[in-house]
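Over in TrEMBL, the protein carries these features:
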| type | residues | note |
| --- | --- | --- |
| TRANSMEM | 26-45 | transmembrane segment |
| DOMAIN | 37-293 | domain 'G-protein coupled receptors family 1 profile' |
| TRANSMEM | 57-83 | transmembrane segment |
| TRANSMEM | 95-124 | transmembrane segment |
| TRANSMEM | 136-156 | transmembrane segment |
| TRANSMEM | 183-213 | transmembrane segment |
| TRANSMEM | 233-253 | transmembrane segment |
| TRANSMEM | 273-296 | transmembrane segment |
């Protein structure tokens, strides 16, 4: 009975009902934006996979980790926030916390690796030009292994997972270092190797890049592979990567500060609302990467527009059209590219009148009209819809 009572108290919300509803609403918004943005980014990357540069592998990996965090955390955090308590029990709490640490550290480590690769390419182009997709894949695997060490540690009793101080989510037990030495070593290693060191590497990498570019713009131009034909491609990746890093670190720094306050200070003096606000900022990190790259990277944006146009055409063609069995089409100022195949195997264009000399007057008419091509033997004639007989089956094969 005592354990059940303690669990009920541990998983009860310690902030107001109104704040929980606000958190649930914000999480719902973040979930939708992250799902749409990261799925679109992965779709675009899949379509241009043959032309991806090695540095863009880390952009894709960042999107995968953000999507993993979205799918593993938000479906549990949103109903718990609206219910004003954690709903899913102790075991799910442990798995929830592990996923949060795994995907969060993977994203930060991925950004750290990306900054190092950008620095190598810009500041040391002789070596950077040798960086291949195979090297990128190897580093991506290393990123996941590095994050897994710290995510699985608490499950092996190096540190602990527990409910957040505000009660409706789970993460690392920041109070444990006050009672256990092993938990203290975990928190220290986590802070040094998963926050302080990555931030230092990111800051130094982009500082070196900015100094190098300021000193000589040729360093930016030389690092691009001859096959890309675009001397500014990687320079753009550098700028966008800086933007993503600023957004990510800005989102996670408040949580890191609050967590260190709880771990190394008096944990009882940390307001639960401060943890809740920091958690909201941290979970917003999943929307920055797709937002920056889809909106600001030209080739990603163009590919997305092309995919959207194709999707609209597929939806339009798949919708039932009246009299579509007769191959009618509206004639505009420009010919359409759609075509149909007649029974003799010959392919004819819906807009054939634009290329048919006998109907020049018809094609140049100011008012758009629907026309149909009637095949008779090996020739066809084009007539307006109004000229068709009442039984058009006799006019078509």
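Backbone N, Cα and C define each Cβ position, glycine as well.
A TrEMBL annotation is a machine prediction, not a hand-curated record.
Counting only same-chain residues 6+ beyond the ends of the transmembrane segment (183-213), those with a CB under 8 A from a CB of the stretch are 105, 108-109, 111-112, 115-116, 118-119, 122-123, 150, 153-154, 158-160, 172-174, 176-177, 219-220, 235, 238, 241-242, 245, 249, 252, 256, 260, 263-264. When Cβ distances are compared across the two stretches, the transmembrane segment (273-296) makes no contact with the transmembrane segment (136-156), since fewer than 3 pairs at least 6 residues apart fall below 8 angstroms. The transmembrane segment (136-156) and the transmembrane segment (57-83) are in contact, since at least 3 Cβ pairs between them lie under 8 Å (pairs 6 or more apart in sequence). If you take every residue in the domain 'G-protein coupled receptors family 1 profile' (37-293) and average the pLDDT, you get 87.
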